[in-house]
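Participant: Shown below is the structure under consideration.
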Amino acid sequence: MRFCLFSFALIILNCMDYSQCQGNRWRRNKRASYVSNPICKGCLSCSKDNGCSRCQQKLFFFLRREGMRQYGECLHSCPSGYYGHRAPDMNRCARCRIENCDSCFSKDFCTKCKVGFYLHRGRCFDECPDGFAPLDETMECVEGCEVGHWSEWGTCSRNNRTCGFKWGLETRTRQIVKKPAKDTIPCPTIAESRRCKMAMRHCPGGKRTPKAKEKRNKKKRRKLIERAQEQHSVFLATDRVNQ
């Protein structure tokens, strides 16, 4: 009787060991299949056709699409155009919803724009907004040089004189209100000049120089000659009519 009980106990123990061995063997085979399949790397649950369906705790689940096929992956960081969204059940890669964004911190805050676009306060622009200047080294919009309003046009002058010439220059200016964030960013023009007609061509009480007198006399002689030629032409025309 004792021998029968002892034999039965051995059979039960062997069955338990066998079941445990079979379970361990199944788990080892499952882990081995994960390792042998590249898309199952980092997965807690994976299939050959659909890839990962659950990821390890610190990894992000990403649903990759290739043509008509899609499969899950577990990644340490999300690819371009996606950001990592952590959640209690499983971390996921979510798509950036910002136009022309290459990498983002969240769905509405970009950290890097696509080529040809400038980053400004979490958005991407092809041209920086007013008051900001493009910094090509980092493709960001930084605070530019801010200037005030133009002053009124100054007095028309030439050689620091306001008389004695027919034409002169008048100038207006504006002040730099805020310096740019980078010294390499230029400021707009803060002074500009234009041609103007002087109010007084001859200075009061001034004496004309010999050169000015000669020029004036030449002009008078030229006008007298032109007038005489006109009168002579009229005389010839009248004479022909009378003949």
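Cβ from N, Cα, C; glycine included.
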Participant: Which cysteine out of CYS104, CYS110 is the one Swiss-Prot pairs with CYS96 in a disulfide?
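Facilitator: Swiss-Prot says the disulfide from CYS96 goes to CYS104.
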Participant: Looking at Swiss-Prot, which of CYS93, CYS110 bridges to CYS101 via a disulfide?
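Facilitator: Swiss-Prot says the disulfide from CYS101 goes to CYS110.
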Participant: So what sits near CYS110 (disulfide bond) in its own chain, CB-to-CB under 8 Å and at least six residues off in sequence?
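Facilitator: Spatial neighbours, sequence-distant, of CYS110 (disulfide bond): CYS96, ILE98, CYS101, ASP102, SER103, CYS104, LEU119, GLY122, ARG123, CYS124.
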Participant: Counting only residues 6 or more past its boundaries, what in the same chain has a CB within less than 8 Å of a CB in the repeat 'FU' (90-134)?
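Facilitator: Distant Cβ neighbours of the repeat 'FU' (90-134) are 54-55, 58-63, 75, 78-84, 140-146, 180-182, 185.
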Participant: Could you tally the C-beta atoms, other than its own, that fall within 10 angstroms of the C-beta of CYS101 (disulfide bond)?
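Facilitator: Excluding its own Cβ, CYS101 (disulfide bond) sees 24 Cβ atoms within 10 Å.
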Participant: For CYS156 (disulfide bond), find which of the disulfide-bonded residues CYS128, CYS187, CYS196 come within 10 Å, Cα to Cα.
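Facilitator: The disulfide-bonded residues passing the 10 Å Cα test are CYS196.
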Participant: Pick out which of the disulfide-bonded residues CYS74, CYS93, CYS145, CYS203 has the most other Cβ atoms within 10 Å of its own Cβ.
Facilitator: CYS74
